[in-house]
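Quick notes on the structure that follows.
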Amino acid sequence: MKPIRIGIGGPVGSGKTHLVEQLTRAMHESYELAVITNDIYTKEDAQFLVKHGILPEDRIIGVETGGCPHTAIREDASMNFEAIHELKQRFTNLDIIFVESGGDNLSATFSPELVDGFIYVIDVAEGQDIPRKGGPGVTRSDLLVINKIDLAPYVEVDLDIMEEDAKQARGERPFVFTDQKRGKGIETIIDWIKRELLLEDMVKEPSV
């Protein structure tokens, strides 16, 4: 089954690329990793990871979708499948491929044929009511990440209300609050990846 493919989606500016950078930085010594990024007309996210990340350039492929970013990860994911095939040809021992979607709205989801697990990233600056508004990314993702909690006091967001709304929207599905600038919540996400996707014997549960 290797490598495990993990989709990371969310609106523009929510912190998807930064999350990929932090996950690869924290996990690269223990796992063989690669990344695919999706942008409409550029390879800017891939270039950011090459410049600021820990992985060599040949482990990062930037896909230019040329259209709706949602289509490239669901209805017509052929370019992403080609990138996955290329990475598997380059590196036969990969453990994880992160597939980052282009910035999209709350309706974005990954094809289950493309990824084994789906992490959806929102941020508190988008508004306190985002979890309540729902959408497939919020309600159906395997893990919901609520990022930029450090901004909550400045944008008048009540994290307790966001927590309750996330619980209502997601039922038993887990979610985690993060402050990626300070690394808060990253280890919880890694523990979830190890336990739920890599099927390692972990004991920690995602907490809010």
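Cβ atoms are placed via backbone N, Cα and C, with glycine included.
Database features, via Swiss-Prot:
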- Gly10, Pro11, Val12, Gly13, Ser14, Gly15, Lys16, Thr17: GTP binding site (BINDING)
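Residue with the densest Cβ environment among the binding-site residues Gly10, Pro11, Gly15: Gly10, by other Cβ atoms within 10 Å. Most Cβ neighbours within 10 Å, among the binding-site residues Val12, Gly13, Ser14: Ser14 holds that distinction in the structure as shown. Cβ proximity to the GTP site centre (mean Cβ of Gly10, Pro11, Val12, Gly13, Ser14, Gly15, Lys16, Thr17, cutoff 8 Å) flags the following additional same-chain residues: Gly103, Val121, Asp123, Asn147. A simple way to gauge crowding: the CB of Lys16 (GTP binding site) has 26 other CB atoms within 10 angstroms, across all the protein chains here. Under 8 Å, Cβ to Cβ, and six or more positions away along its own chain, Thr17 (GTP binding site) finds Thr37, Asp45, Phe48, Leu49, Glu100.
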